[in-house]
Each structure stands twice: as C-alpha cells, then as structure tokens.
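Student: Handing you a structure now.
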C-alpha cells in the first residue's frame, strides 16, 4: 500500500522545505532539507541544502555536564541557524515547518533547542514538528543509503538498540540493559585521559588500531539484550592498575609475556563490545528474515564495527550492510529536518503546548504514519 505524502501540499508549490534543530547531547546541529512532491525514491531523493554542526568539547578526562552543554547551545544557536539558512540559500519565509528534537536526550540541552524552535515558529508563523531522535537517525540512514527494510543497529552515546520495522512502528528487538555503547567508550576515554576532540570514541578507535593483544573481558549477552557496565568496570580497573604500575597478571600477555598497553585495552574493549552487537543483530535478522543491516548513530561510523558486521552479513545469503559517514552518523540537524518533514507531509504537527521535550522517548512510541509497507 502506498502512502499519500502530498495530501497536505500547498497549492502551486511543487516542493517542501524544512529546517531541523538537533541538540540532545553535546552537538548542536541545524539542517535544511528539500522534498519534491511525490514518493521519495531513488529517482526522487531528498535534497540536503545545508547541514551545519558545532560540538561542545571538554578537556581530556572530563565529560559534558547538561547545564554547560545547554549554555553552549544557547550561545551558538543563532549563529548556526543563520549559517544553515545562508548555505541553503533560503529565507525563513520559504520554509514549510520547523522540526526539532523532542527526545530522548539530556534535559537542559533539549530545552535550549526547543526554545529556539518555538521562537522561530512564532517569528516566521510556521508549524512545529517534534521528532524522536532515534527515528531521525533511522530515516536519514534509509534515505542516504537506499536501504529498503533493514534491521537497524542504533549505536550512540545514549542509545544501543536493535530495531526492525513492523506495522508502522520501529520495534525494539534488543537493547542495552544499562549504559549505551557510546557512553561506555567515552567513559573509558576519560579513564585514559585521552582528548575529547574530535570525539573520545574516535580516539579510542585510533588507539585500538595499534593494539596487538586481546585481553579477556566479560561478555554479557542476555537473550537479545546486552550489558556493558560490568565490562567498563573491569577494563577501568585494568587501566588504573596499568597507570599505577601495579602487578596484575592480567596485564601480561599469556603467549608472549609482553606488557599489556593502553592500546591493547582499547582494542580488547572494542572487539568485545562489537562482538556482542554482531551477535544480537544477527539473531534479529534471523527472526525477521532480513538480509539487510543498517548501522546508525555516532558509534556507527566506527570502521571496525562496520568491518565486523560486514563479515557476519557476508556469511548470509544475499546479505548487505549499509552505513553512513560521520556527516550523518553523528548527531545532526538534517536528520531531524528529514524525519520531521516526513511527519509534516502526513499532517503530523505539534501545537505550542505540546512541544515539551522529554528525556525518555522510546523509539517504538512513534507512529510511523509515512510508512505502510
């Protein structure tokens, strides 16, 4: 069944324009997207007019606090919005709607973005569209890669989920029971006191490429779910012993007798976590009888994760893997603009009173009205 995406089209206009605002964590993103009339397809793709982002970066060994992150977003919002509009070569009066991240995420940064969205809505007399952050990642990934109906591995600083579409919902088949994978990697980066720029997870990835020895770490998969807090606690204790030069037989490689390094710990942590993700993703693929995997979220840009997932997919008949680069994996405004515009085209808008952001907003709470396949 084909969904009519143009039942709310404005007379005499053959395209839609939306501005998206993202700020659920330490990245403030603004994007402008264009949809032509008709179904989106390989012959009628969404057009990215601008995708601007600024990141709040803290010193090595420190995380980002909600109040400081919110202050960054407030300080940069006007400049980033202006830059996005200039790059897109559009004015506020050209837009059809203002889309914003309604959740999930950090409360104070989300509020800063919502206030900016409300201000623009009233300034330009445009409707507001609240967007689920997770659905934004999924829809942007589908649009960029052309993936049809994949199993989605959503891995970021605040979320770890295995998702598949069914009956106008993105259903969660497996997820973390405690911390997200991005949070796990970021916290270990703080333990090692490595730089947060360009991103702690990226710096962990680069160190892991130099690792040679695989240190045994807890492997915690429980059915379709996984747990990472125990793994983090274990590898943290090893790192602290390494820095303190404490004698610990686990810091000596059994085969070579060589000293375990920080690079080895990064390598071991990545290999263990990614193996767990591959396992539950493959199980979801078997359950829904899909041969496609789409990786989204900030951790999705990790080359080793993509490589391990590709090895698994290649063992399946006609398997294929889809992923995007850091422009779209890492939090951005264009994904919010795209998902929001899909909702707007189906008549889904938010009244001002219904724009309250929420830190907890499940992926499967969203009614995916623009799909009926």
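Using N, Cα and C of the backbone, Cβ positions are placed for all residues, glycine too.
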Student: Out of 75, 291, 302, which is the one Swiss-Prot records at the substrate site of 154, 155, 156, 157, 158, 186, 201, 205?
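Tutor: Among 75, 291, 302, only 302 appears alongside 154, 155, 156, 157, 158, 186, 201, 205 as substrate-binding in Swiss-Prot.
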Student: In Swiss-Prot, the divalent metal cation site includes 133, 137, 154. Which of 331, 364, 372 does it also list there?
Tutor: 331
Student: Between the Cα atoms of residue 331 (divalent metal cation binding site) and residue 201 (substrate binding site), find the distance and write it as a whole number of Å.
Tutor: 14
Student: Relative to the Cβ position of residue 133 (divalent metal cation binding site), how many further Cβ atoms are located within 10 Å?
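Tutor: Here the count is 27.
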Student: What binding-site residues among 133, 137, 154 are found with a C-alpha within 10 angstroms of that of residue 201 (substrate binding site)?
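Tutor: Those close enough: none at all.
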Student: Sort out the sequence-distant neighbours of residue 158 (substrate binding site) for me: same chain, 6+ apart, CB within less than 8 Å of its CB, listed by position.
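Tutor: Looking at Cβ-Cβ distances below 8 Å from residue 158 (substrate binding site), excluding near sequence neighbours, one finds 24, 25, 104, 105, 106, 180, 182, 183.
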Student: Sort out the sequence-distant neighbours of residue 154 (divalent metal cation binding site) for me: same chain, 6+ apart, CB within less than 8 Å of its CB, listed by position.
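Tutor: Expected: 134, 137, 138, 160, 161, 162, 163, 296, 297, 300, 363.
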Student: Can you give me the same-chain residues 6 or more apart in sequence from residue 156 (substrate binding site) with a CB-CB distance under 8 Å?
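Tutor: Spatial neighbours, sequence-distant, of residue 156 (substrate binding site): 137, 180, 181, 182, 297, 298, 299, 300, 331.
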